[in-house]
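Please read the structure below before turning to the comments.
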């Protein structure tokens, strides 16, 4: 049998030795047997509030022995003084009846205490004592583990076993709500749950398998989700279920946070997953295709090309004219400004020239001009192919500073993100809190984003899933995007009741899952499963796969044929040139008619 080390011993009688109830508990003389305990501390209390004033002398306190004279004091203490109760220590209670011991295990503190041992007097002469220990989550409140008679146990049983290693199929209630991609809940027409899966659901299932308990799902109302703090200080939603002890645990992309006194209503397990809160925006329409003709070269390059044309055209004319004035023969066409300009302009379009200069100096100039034109036109042609087939996006908001300086509101679920923003040291993040709009439905956020009414803030994993599943075409074009700069990282966890004895075991098993990489794998599997289920639903409803149809029109082997949308720029230039030609023709016609008159 394991040894119980007692360092705090509480004796309950009816009065203080000093008679002053305002004084802290007064140490009593220690009985001979109690003095044999290592580091004993004996105190005397007469009121449940006295427990609050007990100063523990040893930091290694491992247990308490209650010698009960007035059961009401202990029951009141266990029901109303939760903060000072020792939930992880070993509690030995002497002086209660079996029924009173059951009542103790059903108090707010008692039902969360792993080790409570009760010694109940059975014999009339005080020589026979029945020993009971509490049960957690399973069956009866207390069970008999032995009899103490004549200074020894009649049978040896472990008084303080590990009650959480095997919960023997006990039913534990889990507060859940549909929140993709962490929790997927499939319902029937009458709103009953028929299937649930997802990363957080898999975590609960593995916990139930290892610790041997049964899951009972409590559906959290869709308009409450994690919960909001009410005027009376309580919470609704998942946190409310845990705070009222109606659920043993809660899961659903739950952030580990102490905002607005959450820890007064619940506690958290160790982190199961790390996610970032990011901003999601709509994808702005790409720049018009006709701009593609100007994109192969930067503005500085185009200005240099224009300067070269303005210099080379008159230079060719001057060179030919000067040569002719010296009495050397040169083609008369090159002695025309118009012809020289068209000649140089045509070289830049790889237009074959029917005439060649006669003099060597002019030939040398044109030879180097040809080399220059070949390099310029080849570089332009290669880049033009890429810009004709690839769309170019306009300037976008990518940072928190740019988002703050814009007029776009930020939509999010509840007030959690707003409170987090207000606590940030970044002034731009704090500024976003002024533009924050709280909603309680993810579809409302997505709808506002698509219509360009603002941006949304959500977990990164949720955004990646939604964009891939609902807002990306077969060609890979997405209608939503995630800003490059995120807000903050958050630890995802499982919520438990405050002072829950499950925490230590849950933490241990969850660390196994994280170290083995299982949680990341479950996330990927749940995403794939949800997509398959969605496809089966569409097939059953006779809805075609629009993405597959889009893919079939994209051409075989990924070849993209150029359409009017790609070539609109050159047609636009042709139309502009035709209009200019018509205007010039009309101007010439009017000028000729005026001269005739």
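Placed from the backbone N, Cα and C atoms, the Cβ positions cover glycine too.
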Quiz prompt | TrEMBL annotation (transmembrane segment) - matching range among 301-319, 320-338, 339-357 | solution = 301-319
Quiz item: In TrEMBL, which of 369-391, 392-414, 415-437 is tagged transmembrane segment?
Solution: 369-391
Quiz item: Across the domain 'Ionotropic glutamate receptor L-glutamate and glycine-binding' (181-244), what is the average pLDDT of the model, as a whole number?
Solution: 88
